[in-house]
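Okay, structure first, notes after.
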Amino acid sequence: MSGNSDESTISTVMDIEPARFANFDPSSITTLVRTRNRRLLQDLGGLDAIIRALETDTENGIRGDSRDIDARRNIFSSNSNQLQERNLVKCFCVCAVKAIKDPLIIIVVVFTVLSLGFGIKKDGLEWIWPEGVIKLLAIFTVVIVSAGTNFWPITQCHDSSGTSSYTPQVDVVRAGEWTKIPISSVVVGDIVFLKPGDQVPGDALFIDGSSLHLENLINVNGRSECVEVGHENKNPFLFSGSMVVDGYARIVVTADGKNKRNHQQVIWMEGKHADELLNLTTVVGKLGQAVAFATFFLFLCRFFAGNVYHDDKKGNKALLGDEKVEIWDHLLAFVGILAAPALIALTSGLEGLVLAVKITLAYSLRKLMHAKVLVRKPSLCHSVASVDTICLNKTGTLTAYFAEVKKFWLGLSSIEEAPHNLIAPNVLELLHQAIGLNTIQPRSANSTFAPPICSTEAAISDWAVRHFGMDKENLRQSCTILVIEPFNSTNKRSGVLISKNNDNTIHVHRKGAADVILPMCSHYYETTGIVNVINKTTRALLEQILEGMTKNGFRCIAFAHRKTSIEEYFNFSKQQLTLLGLVGLKNPLRNGVKRVVKDCQRAGINLKLLTGDNILTATVVASRSGILEPDNQPGEIIEGEEFRNYTSEERIEKLDTIRVVAGATPFDKFLMVQSLKKKGNVVAYLGRGLGDVQALREADVGLCFGTQGGTEILKACSNIVIQKKDLSIVFDILRWGRGFYVSIQIYTQFLITATLVDLVVDFVMSIFPSDPPDFDAMAVISSGKIPYPVFQLLWVKLILGFFAAISLIIKQPSEELMSKPPRDRDEPLMNDVMQRSISAQAIYQIAVLLAIHFKGQSILKVNVNEKNTLIFTTYVLCQVSTVVNARLFEEKKIFQEMHNKKCFWGIIGFIVLLHGMLVEVLKNLAGTARLDSRQWGICFLIAAASTPISGLLKYATAMRIPFLTNVRGTNPKAKID
């Protein structure tokens with residue numbers, strides 16, 4: 001199967017290195033595998049010829065030095081080429097272009113440029129250019145901030161998706177040494193060892209192995225399919241990305257995954273809530289467009305009627321029809337008439353909601369990544385907030401993944417720390433074979449590679465070495481493995497057929513769950529080597545032994561043997577084995593399991609234990625962990641077979657009662673998740689092994705621990721991968737999910753309030769003058785300006801789109817979130833509490849701002865510029881107050897939270913400080929007037945008055961907003977990307 005030594009020597013000569021693979025056509029082998037063309041395989045000389053052509057060796061693999069790897073990558077391409085990082089600079093430029101294309105920015109730029117052009121023509125360059133340059137710099141600043149705000153979430157997803165610790169790995173042999181490498185490092189010619197849970201790193205050909213079954217996750221029909229691969233069924237072809245569900249094999253890689261899918265676009269939110277957010281944006285946007293159209297129509301009527309004033313720099317006013325008014329003044333007035341309604345429409349949009357979703361998710365993903373959690377599907381977070389049921393395993397989840405052998409029974413004798421010389425040599429030899437050889441092996445007995453085994457096998461093997469003097473190397477040299485029957489979760493057993501090299505006798509060994517192996521046994525060994533019949537009395541004693549161990553929480557594994565022949569092996573009855581021994585293993589509870597279970601129950605989350613263990617063992621573990629109460633009720637614990645035999649209606653009816661399903665098969669777990677979903681529950685499934693794959697795919701939220709070997713298929717089927725052996729992380733994930741949803745609700749409430757107030761106030765101020773005829777609001781517009789000058793509009797955009805989002809969204813989810821039941825998945829985003837708050841705050845702010853507009857000059861004794869600055873400052877501070885109210889009244893312990901939110905208060909202080917500088921220092925740029933201490937005090941007092949209003953109206957009768965009440969998400973396929 002390998003090339004001869006001369007070829008191997010020649011291939012290392014530097015001078016002929018460029019000629020490697022010169023007579024080899026990579027496309028021919030790619031076609032061979034992709035089309036499963038056995039005839040072409042024969043035409044190419046068979047497997048041996050292909051291995052020689054690829055300059056590899058079945059025992060030693062490729063050379064594996066840097067020159068060899070580079071040559072293979074250059075000729076055959078490489079997985080690593082497909083996993084290149086995104087060009088972040090280019091990505092930022094894309095975000096900047098997107099920000100520039102914002103209609104608000106475009107309108108402001110056009111309006112600014114036209115105003116500058118007309119102003120220069122009329123007043124000269126020296127009077128206009130400083131103001132114009134500063135305005136353009138301000139626009140540039142907003143573009144950069146907006147681009148950065150959109151760019152940051154992308155970098156977070158880029159960082160999390162590129163985390164190397166989550167890259168699937170496989171075992172390969174290079175230069176005679178077996179090692180584990182990421183699949184992205186596999187090259188054509190690599191010899192790879194596959195075991196259950198591994199992902200096929202590239203198109204490949206089968207060399208040898210046993211019972212290899214693969215799941216092709218995507219086939220030509222778009223569905224998964226399970227296929228058996230091997231020489232016996234004339235199917236030696238393996239496809240890139242397939243998952244090993246059973247068996248083992250050695251393969252040679254012929255193509256390194258050229259046809260893998262490229263990086264997919266990130267979907268931030270999908271389903272009904274994405275549809276609701278998009279509908280909400282559309283409804284408010286249409287309302288703004290309607291108001292803008294009405295404004296434009298009234299402006300146009302006034303313009304053509306000549307009822308529009310022009311004010312010059314000295315404050316003189318004149319009708320546009322007056323002879324003193326130049327043509328440039330008419331053009332400026334018309335630009336203002338076009339710009340004002342456009343800006344009213346654009347500032348009424350709720351595009352900030354989509355940005356808030358991205359920022360919130362990016363921040364949550366970043367924090368979870370630091371906690372060793374990879375969220376493979378960001379849009380899943382809104383489902384996490386609704387999880388009300390968690391299904392989980394025992395081993396590796398509630399209990400530690402490692403196990404310890406605590407009990408061993410040989411026949412009816414308990415052997416505790418006994419010297420192995422007290423056991424008959426023939427029985428001891430059979431025990432060595434049963435423990436040392438009945439594991440996954442890569443190939444023949446003289447293999448130099450021992451693949452990793454599961455924790456159960458490792459614990460039993462180490463125990464046998466320590467207490468029974470088992471020598472693994474001598475054992476493998478003395479026997480030849482003929483057939484292996486790998487363990488799987490359905491039959492709960494494994495088997496091996498071996499031949500002893502010294503006498504060529506054939507032996508079959510089986511091991512597995514004691515309640516599965518014991519019924520197969522008709523005899524048992526004693527310590528003296530005598531074989532006795534298992535009669536009714538003996539069987540009853542053995543069952544008592546099993547019951548005693550399971551009641552103490554032990555997991556029982558049985559070993560059985562039979563001397564046979566090749567012919568007899570395929571014909572003998574499975575009830576003709578001889579029992580070798582019973583092993584009792586114990587997996588200690590994970591640290592903090594009881595606390596996590598109690599916290600989940602306090603949060604309104606039901607826990608269901610689904611385990612393949614005996615019902616007694618399952619009961620003990622469920623009681624110790626807190627899933628079962630001391631006085632558990634009938635029906636809380638059932639067998640998997642009983643659950644399986646229920647009708648669909650009976651299963652759904654009994655779901656609320658069932659807490660533990662013992663002896664559960666993979667199909668039982670799938671049925672449990674399916675039944676819970678049919679009843680309307682939102683289910684999270686915490687998987688551990690291959691038997692959980694079906695249930696993981698069916699669950700609303702699939703989670704797995706990525707710290708165990710052979711879990712690549714588990715990771716591929718999970719939405720969330722936890723790279724830390726800590727069950728409390730699951731509780732933190734649920735808390736972050738709830739925090740995400742609450743943050744989106746709070747920001748939605750804030751943004752709608754601010755938008756409605758801005759929309760109404762802008763419309764009224766643009767249409768209705770404050771004190772006619774001394775001042776006409778149209779005089780401002782006719783001179784090329786709008787109710788809010790450009791810089792003020794940009795400042796409001798920064799507050800609504802960036803600072804408020806950061807202050808409201810960037811926070812640790814509170815512990816109080818987990819003291820409430822999970823939210824209903826069908827509950828609308830705009831609930832009654834939000835509508836009460838929006839109604840109250842909007843009415844209050846609109847009333848106050850319009851009062852200042854109409855009566856502010858006379859009551860507060862201020863001029864026009866000061867009045868407009870008061871309106872602008874009061875509006876900004878009211879939005880700041882809305883942000884503060886949203887966070888304060890989110891918690892029950894208000895004053896304690898005020899002390900804890902240092903970052904939040906820092907952002908709030910920064911907003912107020914910047915606004916103060918805008919009003920007091922940059923007044924010429926911002927179009928504001930300086931305010932004295934009395935006027936600042938009035939603004940702060942008005943804004944602060946909204947706090948008690950929020951506190952009182954939170955518990956008042958619902959006040960619904962008609963055009964928002966009916967906004968519901970109905971499209972489950974809606975996406976926010």
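Using the three backbone atoms N, Cα and C, a Cβ is placed for every residue, glycine included.
These come from TrEMBL:
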- 104-120: transmembrane segment (TRANSMEM)
- 132-152: transmembrane segment (TRANSMEM)
- 167-262: domain 'P-type ATPase A' (DOMAIN)
- 290-310: transmembrane segment (TRANSMEM)
- 330-357: transmembrane segment (TRANSMEM)
- 746-768: transmembrane segment (TRANSMEM)
- 788-810: transmembrane segment (TRANSMEM)
- 790-955: domain 'Cation-transporting P-type ATPase C-terminal' (DOMAIN)
- 903-922: transmembrane segment (TRANSMEM)
- 934-953: transmembrane segment (TRANSMEM)
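Sequence-distant contacts of the transmembrane segment (934-953), counting only residues of its own chain at least 6 positions beyond either end whose CB sits under 8 Å from a CB of the stretch, comprise 836-837, 840-841, 844-845, 848, 860, 862, 866, 870, 873-874, 877-878, 880-882, 884-885, 888-889, 959.
Across the domain 'P-type ATPase A' (167-262), DSSP classifies residues as 3 helix, 53 strand, 40 coil. Long-range contacts of the transmembrane segment (903-922) within its own chain (CB-CB distance under 8 A, at least 6 residues past either end) are made by residues 791, 795, 799, 803, 806-807, 810-811, 869, 873, 876-877, 880, 883-884, 887, 928-931. Note on the domain 'P-type ATPase A' (167-262): mean pLDDT across this stretch is 78.
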